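What Swiss-Prot annotates here:
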type	residues	note
ACT_SITE	Lys77	active site, charge relay system
ACT_SITE	Ser152	active site, charge relay system
ACT_SITE	Ser176	active site, acyl-ester intermediate
Amino acid sequence: MSFNHKTIEELHDLLVAKEISATELTQKTLEDIKSREEAVGSFITVSEEAALKQAAAIDAKGIDSDNLMSGIPLAVKDNISTKGILTTAASKMLYNYEPIFDATSVANAYAKDMIVIGKTNMDEFAMGGSTETSYFKKTKNAWDHTKVPGGSSGGSATAVASGQVRLSLGSDTGGSIRQPAAFNGVVGLKPTYGTVSRYGLIAFGSSLDQIGPFAPTVKENAQLLNVVASSDVKDATSAPVRIADYTSKIGRDIKGMKIALPKEYLGEGIDPEIKETVLAAAKQFEALGATVEEVSLPHSKYGVAVYYIIASSEASSNLQRFDGIRYGFRADDAKNLDEIYVNTRSQGFGDEVKRRIMLGTFSLSSGYYDAYFKKAGQVRTLIIEDFDKVFADYDLILGPTTPTVAFGLDTLNHDPVAMYLADLLTIPVNLAGLPGISIPAGFVDGLPVGLQLIGPKYTEETIYQAAAAFEAVTDYHKQQPIIFGGDK
């Protein structure tokens with residue numbers, strides 16, 4: 001018997017009643033992972049021995065009835081440090097790297113007696129939108145194995161969507177949680193910048209990166225955010241603002257809520273059927289008592305260009321630490337120190353990572369800094385001001401998560417610009433440091449469509465309130481791919 005169809009609260013009740021043990025739940029989860037892994041390829045590492053050892057220790061001391069997450073398995077994206085468990089960032093450069101410390105988000109999960117079941121596949125160093133740049137494997141969409149799962153947190157999304165695990169963690173720099181959540185029909189939240197500590201996250205774009213949760217439902221997503229969100233002295237960008245319980249508004253009605261629908265989010269490049277799906281969702285919110293009105297975010301069209309200058313520049317700096325000297329891959333054909341650096345980085349990084357390092361180095365170089373990096377920062381401020389103006393009058397922003405449904409494997413990975421444009425609806429949220437969620441909102445050609453809700457900083461509980469209200473009157477989150485046990 002599999003337990004992957006049970007909610008976290010249902011699993012908790014079974015554990016407290018001793019109808020199952022943490023060890024049995026872990027064993028069943030490992031079976032679910034193994035039986036589906038060949039089809040989807042969600043994991044780089046499955047930490048079977050460590051997980052079973054941890055489960056046995058939890059059983060020995062007993063399940064805490066007041067701790068919802070006690071004994072619950074968790075999958076973790078492979079750029080989030082886990083002590084003693086390989087953490088590769090899906091790169092040859094870190095193919096053998098075992099951290100000697102846990103990321104704060106992982107430590108918080110361990111503190112609640114969650115069980116890290118394994119590390120999920122991703123685009124190399126989180127650079128990509130299809131989980132095709134991984135050094136180890138290509139993850140496949142849970143609904144159609146000829147399609148991409150999205151990225152860069154593709155493995156974390158498919159692990160939940162395919163029924164391998166109930167909960168997972170990803171990271172989001174320009175849409176890397178929300179886009180794969182949309183492509184796989186699950187709930188993915190990018191929290192306000194600073195809500196979840198970045199300590200232990202292998203850095204890509206330090207002013208953009210944020211760890212966040214995946215789950216099948218809105219409430220379970222909020223329950224996982226309750227675990228991992230915390231202030232942290234080890235992260236200088238950690239925010240002091242905290243919500244006591246991110247589930248506190250779930251179940252409340254949304255009568256009187258004002259929701260903005262930016263015309264730019266339904267314009268050029270958006271699939272007409274996705275546009276129809278979003279407009280139908282807007283009508284559903286109106287039926288629930290909210291007001292939905294069209295607004296403008298005029299500078300959002302510059303988001304992709306701004307993002308790839310800023311993110312690549314930050315990556316160029318962050319990835320300087322990978323040199324083959326202290327840890328990770330080292331080229332064995334070097335005769336001197338210069339050759340160690342050059343050969344290791346040339347052989348250890350994949351093409352997309354090298355492309356972004358070069359772009360970032362160029363943008364920061366003498367004579368080009370003002371024209372590119374400085375100007376990108378100025379336009380970023382204009383994008384932030386656009387959001388501020390809208391949020392002066394509205395509670396939330398509504399729109400599609402992605403311009404299309406999941407595209408085919410090996411269709412965009414040789415066209416960087418087309419791949420970059422797939423993030424045009426999610427990138428502005430990262431540039432502004434805002435919270436954003438993707439929830440299931442329908443299907444086009446049998447593939448899931450994601451609906452994005454964006455709020456002002458530190459309004460995750462309001463986002464969850466609106467998302468849960470929509471979820472309560474729709475059944476998209478209940479529909480499952482064949483690999484999970486559904487009929488799609």
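Using N, Cα and C of the backbone, Cβ positions are placed for all residues, glycine too.
A 10 Å cutoff on Cβ-Cβ distances gives Lys77 (active site, charge relay system) a total of 33 other Cβ atoms nearby, all chains included. Between the active-site residues Ser152, Ser176, the minimum number of other C-beta atoms within 10 Å of a residue's C-beta occurs at Ser152. Of the recorded residues, Ser152 (active site, charge relay system) and Lys77 (active site, charge relay system) place their C-alpha atoms 9 Å from one another. Distance from the CA of the residue listed as 'active site, acyl-ester intermediate' to the CA of Lys77 (active site, charge relay system) is 11 Å. Secondary structure from DSSP puts Lys77 (active site, charge relay system) in a beta strand. Annotation note: Ser152 (active site, charge relay system) sits in a coil segment as assigned by DSSP.
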